Amino acid sequence: MDLSRIPPQPKAGILNVLIEIPAGSKNKYEFDKDLNAFALDRVLYSSVQYPYDYGFVPITNNLADDGDPLDGMVIMVPPTFPGVATARPIGMLQMVDGGDRDEKFLCVPAKDPRYTYVKSANDLAGHRLDEIFEFFRSYKNLFKKPTEFFGWKGDVAGLPLVEECVKNYYKTYCKNDHGK
């Protein structure tokens with residue numbers, strides 16, 4: 001699978017999120033570049049499970065310099081399977097995970113008319129945001145990895161981050177004019 005062929009933003013205000021983990025799973029899969037496949041990274045051995053579909057935005061390299069792409073959670077019912085979800089970001093959870101900056105985009109499916117009214121994370125029922133926050137607050141407790149939170153940002157605040165992370169990806173991995 002050549003992930004470099006999947007654009008991070010097919011059009012303004014839309015992200016491609018490559019789903020690695022369906023909602024309800026306790027198994028954390030990550031795309032392994034060497035295997036060119038999804039591989040089991042670890043099992044969440046606490047009582048938590050992923051509340052919504054989870055994956056990453058291709059051709060991005062986050063600014064924490066850990067080599068990981070930007071993360072995205074897509075509120076999709078029912079859960080899907082690994083593949084590309086065209087999604088509209090409605091917010092971004094700002095956090096530090098294990099000492100590294102680690103933003104999480106919160107998205108809704110771009111092609112689901114049930115979410116046309118949702119323009120920001122604040123348009124969701126408060127319980128949904130609490131559920132997502134609680135998942136990220138506790139999912140690494142038994143791994144003894146601390147997490148810190150700095151709150152939610154609206155969708156407009158997150159999109160410049162995507163552009164920065166695309167540039168960082170090309171600068172890190174391609175060493176050509178794309179990163180300028």
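If you go along the chain as it appears here, the first residue is 1 and each next one adds 1.
Glycine residues also receive a Cβ, built from the backbone N, Cα and C atoms like all the rest.
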Can you find which of Arg5, Arg42 Swiss-Prot lists as binding substrate at the same site as Lys28, Tyr54, Tyr139?
Arg42
Using a 10 angstroms cut-off on Cβ to Cβ distances, just flag whichever of Lys28, Arg42 is the loneliest among these binding-site residues.
Arg42
Taking Cα atoms as reference points, which of the binding-site residues Lys28, Arg42, Tyr54, Tyr139 is nearest to Asp71 (Mg(2+) 1 binding site)?
Tyr54
Tell me the Cβ contacts of Tyr54 (substrate binding site) under 8 Å, same chain only and six or more apart in sequence, or just say none.
Ile19, Glu20, Ile21, Ala23, Asp71, Gly72, Met73, Val74
